[in-house]
Amino acid sequence: MAWLVGTLGLFAAGCAAVSRPPASLATLQEDAAAIARHDRITRDTIIARLVRRAEQRGDRTLDVLMLSGGGQNGAFGAGFLRGWRTRTDSPMPRFDLVTGISTGALQAPYALLGTPAALDSISALYARATTFAPTFDWWFWLRRTGGLVNTARYDRTLAMVIDGQFRSELRSAFKEDRQILFATTDFDLGIGRLWSLGDELDTTAVGLVRARSLLRAATAIPGIFPPVVVDGHLHADGGVVENVLQGLTFSDYQQLGHALAARGLRDVTVRLWVVMNLWTHSELRVISPSSRKAISGRSTGLLFYLHQPSTLMALENLTRAVSAQVPGVRMHVQIAALPSSESVSPGADQLFERAFMQRLDSLGFAKARGSAPFDVISSAFVRPESR
């Protein structure tokens with residue numbers, strides 16, 4: 001028995017728990033004020049770059065792509081982007097700003113580049129997801145990492161992807177004032193945090209490591225993936241806060257309108273393009289009124305899915321408000337969502353099921369190339385039509 005205890009002790013010692021520097025409520029309150037100032041600076045920087053993009057483009061148009069969370073369902077978004085890229089009519093724009101949540105944050109760099117090679121690469125990543133997906137950590141009770149999976153394979157893949165030529169291509173895009181914005185959830189402060197990949201991914205080794213850590217945090221499903229400590233705070237998946245990253249608020253668009261007008265730019269159209277890497281409504285299900293387990297499970301699913309249509313309708317309301325109340329700016333939104341019928345397809349309830357992801361990639365590709373690539377979203381109080 002002694003050898004077993006000793007072996008386990010050495011094993012646990014070699015697998016460090018997630019640690020963080022000392023913190024108190026007082027220090028967190030101080031941090032909150034500094035982070036609020038940084039958030040304002042980030043938004044101001046986004047706006048300034050959008051103004052410069054409008055000047056560079058010369059067509060009085062700005063294109064913003066929003067990629068939602070959705071885990072393995074991101075294969076749908078990957079296929080959709082590939083299909084959209086192949087259209088000669090209504091072609092995919094060269095995006096000025098790409099925002100991403102969770103799996104959407106990983107898609108965002110490829111979408112910003114927008115080349116056939118980049119978009120093929122993202123589909124290939126989902127196709128071989130089983131080779132780098134996190135594995136169940138049978139020693140989680142010893143590691144105390146705050147998660148249930150071992151992310152070593154995932155971390156290595158992230159390190160290989162965000163490096164070399166790909167990193168150089170991204171920096172070239174950032175020099176043109178094109179942007180990637182993604183989010184994490186700060187569990188200490190209980191708020192979402194915005195991150196600009198272009199500002200984090202500098203030319204130093206430290207910047208590269210930090211960018212990878214932030215992307216790992218942006219996809220860290222709470223309680224399953226280990227959280228990531230960033231600047232002394234515990235961070236995890238940005239989807240806890242919202243599953244589509246709007247980025248700019250109504251007041252930010254007012255500021256954008258003023259800044260555009262100051263540069264002589266009027267009648268600018270901001271086009272929002274949203275790709276939902278998941279369905280907006282849960283599946284139909286007959287629930288037993290006497291089963292606490294069934295009711296609890298259904299409640300959890302509905303809590304997650306039913307805020308999706310509300311989020312999208314809020315985006316539609318934002319476009320109407322900006323168009324009506326911000327002089328010189330018009331805004332439109334187009335939404336492509338994974339059909340709710342796919343929630344009951346074989347493999348939908350499994351993690352990184354290869355055949356299911358291949359199906360979603362093909363479905364997204366066909367949808368983007370079809371006659372109706374974008375959707376009318378039903379509210380949370382109406383079932384979407386079956387297709």
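Just so it is clear, glycine is given a Cβ too, placed from its N, Cα and C backbone atoms.
Feature annotations, courtesy of TrEMBL:
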type	residues	note
ACT_SITE	S102	active site, nucleophile
ACT_SITE	D237	active site, proton acceptor
DOMAIN	65-250	domain 'PNPLA'
MOTIF	69-74	motif 'GXGXXG'
MOTIF	100-104	motif 'GXSXG'
Notebook entry, point to check: Where else in the chain does the motif 'GXGXXG' (69-74) make close Cβ contacts, counting only residues six or more beyond its ends and a cut-off under 8 Å?
Noted result: 101-104, 106-107, 126, 129, 221, 237-239, 243, 276-279, 338, 342, 351-353, 356-357, 360
Checklist line | D237 (active site, proton acceptor) to S102 (active site, nucleophile) - Cα separation in whole Å | finding: 6
Notebook entry, point to check: In the motif 'GXGXXG' (69-74), how many residues does DSSP assign to helix, to strand and to coil?
Noted result: 4 helix, 0 strand, 2 coil
Note to self: Within the motif 'GXSXG' (100-104), what mean pLDDT does the predicted structure show?
What the structure shows: 95
Check: With DSSP helix as H/G/I and strand as E/B, how many residues of the motif 'GXSXG' (100-104) fall in helix, strand and coil?
Finding: 2 helix, 1 strand, 2 coil
